[in-house]
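Trainee: Copying in the features that TrEMBL gives for the protein in this structure:
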{"type": "DOMAIN", "residues": "116-164", "note": "domain 'TM2'"}
{"type": "TRANSMEM", "residues": "117-134", "note": "transmembrane segment"}
{"type": "TRANSMEM", "residues": "146-166", "note": "transmembrane segment"}
Amino acid sequence: MAAAWPSRPAAPDTVAARFLGVLWFISATTGPWGAAAGGSEEPLKCEDLKVGQYICKDPKINEATQEPVNCTNYTAYVECFPAPNITCKDYGGNETHFTGNEVGFLKPIPCRNVNGYSYKVAVALSLFLGWLGADRFYLGYPALGLLKFCTVGFCGIGSLIDFILISMQIVGPSDGSSYIIDYYGTRLTRLSITNETFRKTQLYP
């Protein structure tokens, strides 16, 4: 009766090949390929597209107010067009393959509340008739306007101060609205910090 030879250990190359095969099987069943095989991914919303994947039209400006025509509660909306060959859900919730000519979503943009007070008129009144209080009367401050009229603009000092404040848009209409300024002209934008402001971490050497 022949003696059985002891079994030889598996070669290192064979063990490595088996190990790689197991890893490939796990990644194929649980990785992105397995997820794709199991079901299709939810289509992206058009408003979540990255910059460069869409283009937005310039807002239509109201000639009287110099603000977007659909400005409501300090917000207006412009039409945005996804780039060609992009598929996403439009503002109606419909999955669409875009060619570059269809509206994909409406992008909100900030706008201002105006009530007929012109910045150019206010500055001109302050410069030429500020000593009579015309600028304050125009902006809705009759008491200060009358006081400036009786004191000849506080002997000229008050007129100079008001001219600087109005020119810098620190003093505005009494009803809290904004000046009418050319939409594409020079405007003063006040920066403020809120809870939504991104704070960059300060690195000290």
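A Cβ is built for glycine as well, from the same backbone N, Cα and C atoms used for every other residue.
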Trainee: By DSSP assignment, list the helix, strand and coil residue numbers for the domain 'TM2' (116-164), in that order.
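Mentor: Tallied per class, the domain 'TM2' (116-164) gives 41 helix, 3 strand, 5 coil.
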Trainee: To what whole number does the mean pLDDT across the domain 'TM2' (116-164) round?
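Mentor: That stretch averages a pLDDT of 95.
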